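Annotation comment: Swiss-Prot describes 1-15, 67-72, 224-232 as topological domain 'Mitochondrial matrix', evidence class similarity to another entry. According to Swiss-Prot, the topological domain 'Mitochondrial intermembrane' annotation covers 35-40, 106-128, 184-190, 257-261. The annotation transmembrane segment is assigned in Swiss-Prot to 16-34, 41-66, 73-105, 129-152, 156-183, 191-223, 233-256 on the grounds of similarity to another entry.
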């Protein structure tokens, strides 16, 4: 084997991109089967495949970064660029949902009764659960920043406390969102209002679940002393993602819950 004379990480062949793509296909097909035929077999298979892929891919990345030292400063720089581009792509993803919402609400068609919210839709009160959700996410933004500063100062105990609080707030937000969906007087099939509301807030809810999973992995890694004050990009990426989720919610709250009601 030739000796490596550069700082770049030559990644070994991995099956996880393939199994990840397969799980995405199974989940999207499974959602269609669930919506139209009330069958959960494909969706469950896709979710299990996705969870197994996440576990094994995270395990490999942790092994390469923490135990094999492949994440040199130049590799970390590349990962930072990658994470920034990923968050930009997510911003554009949500831009499409906001576009659909404003396109429908600023010039309501006669079929909607020429008004917004459409005739027959009883929107959620923005000063009840949505406002509580806003305060929960803003508080989690404060606690994740506290965790980050504690980590940079080498205060392990406070970092774990702050990270645990952030995860708890993320789970609480998800439970509040689920209860709100359960109690809503309209559904995703109630015209353009129902579809834009549930798709935009639902995808944001999915991002909160993904972000919470990301933070739980960081919490478990910190318990095992994986992070140092100057080598913790895994946590930094999770914190960036969480702040992005916070900001998107503020736009959702102001646009869909407050102005849209």
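Numbers run from 1 along the shown chain.
Glycine residues also receive a Cβ, built from the backbone N, Cα and C atoms like all the rest.
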Folded-back contacts onto the topological domain 'Mitochondrial matrix' (224-232), same chain, C-beta under 8 angstroms, at least six residues removed: 62, 66, 71, 151-154, 156, 218
Paired segments the transmembrane segment (191-223) and the transmembrane segment (16-34) in contact, 3+ CB pairs under 8 A: no
Beyond the flanks of the topological domain 'Mitochondrial matrix' (67-72) by 6 or more, those residues with Cβ under 8 Å of it: 7-9, 79, 231, 233
Three-state composition of the topological domain 'Mitochondrial intermembrane' (106-128), taking helix and strand from DSSP: 4 helix, 0 strand, 19 coil
Remote residues contacting the topological domain 'Mitochondrial intermembrane' (184-190) - C-beta distance under 8 A, at least 6 residues beyond either end: 120-122, 124, 197-199
Tally of DSSP helical, extended and coil residues in the topological domain 'Mitochondrial matrix' (224-232): 0 helix, 2 strand, 7 coil
For the topological domain 'Mitochondrial intermembrane' (35-40), the number of residues DSSP places in helix, strand and coil: 3 helix, 0 strand, 3 coil
